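Asker: According to TrEMBL:
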- 2-58: domain 'EamA' (DOMAIN)
- 80-210: domain 'EamA' (DOMAIN)
- 12-35: transmembrane segment (TRANSMEM)
- 42-62: transmembrane segment (TRANSMEM)
- 82-100: transmembrane segment (TRANSMEM)
- 112-131: transmembrane segment (TRANSMEM)
- 143-163: transmembrane segment (TRANSMEM)
- 170-190: transmembrane segment (TRANSMEM)
- 196-214: transmembrane segment (TRANSMEM)
Amino acid sequence: MILLYYAYQSTSLADATVISFSCPVFTSIIACIFLKEKYSPWDAVFTAFTITGVILIVRPPFLFGSEVVETDKDYSVHLKGAFAALVHAVFAAVTLVILRKIGTSVDYMLSIWYYVVAGLTECIVALSILGEWSLPHCGLDRLFLILIGLFGLGGQMFLAKAIQIEKAGLVALMKTMDVVFAFIFQIIFFHDVPSWWTVGGSLCVVASSIGAAVRKWYQSSK
């Protein structure tokens, strides 16, 4: 989550959200290695779609030419944010695999509790090392920070509960709405219209996520 929040600050809301949606690809690969789950040819197709989408969003100069860097003054910052979102997706995949390994033997609220405690400890250590331990001077910023905590924790609780009471495929389909909301909020609040590269990459990543979710849903309904 630290990496994802950094990505939100470093690159556009839509780019960071879409790249973070590459999580299902890494989840399938890691689950195949550690949980011995089957990695089918369809999973390979979905992986290729996701990788294509991420490449379209990141636009590495060795593929798109040096003019990409020259025309985008903030490209280095964008690249750092995109990389942070990608690493977040890997870490989130590891988290999902661990949750899958634990199963229902541990209540979902207990996992949220450890999530909060570990996050608090990590943030205290990181802020102390970076020397950024300070409170915002503006009362509005403090309100925004509180809302981030409330909505972020609430979202984790609803997601964990949804996975327990509903099929994972349907939950994953609903989760893809994050991309839609990211585009809408970015345009409304920041007046930043996503580029066609972002739109193309988003379609690839969302199509991959929806395809994987529908396939899992179909298999579980047999």
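Each Cβ is built from the backbone N, Cα and C atoms, and glycine gets one as well.
Since this is a predicted model, take the numbers as computed values, not measurements.
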Asker: What same-chain residues lie close to the transmembrane segment (143-163): Cβ under 8 Å, and 6 or more beyond its ends?
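Answerer: Long-range Cβ neighbours of the transmembrane segment (143-163): 1, 99, 108-109, 111-112, 115-116, 136, 171, 174-175.
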Asker: Taking all residues of the domain 'EamA' (2-58) together, what is their mean pLDDT?
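Answerer: The predicted confidence over the domain 'EamA' (2-58), as a mean pLDDT, is 86.
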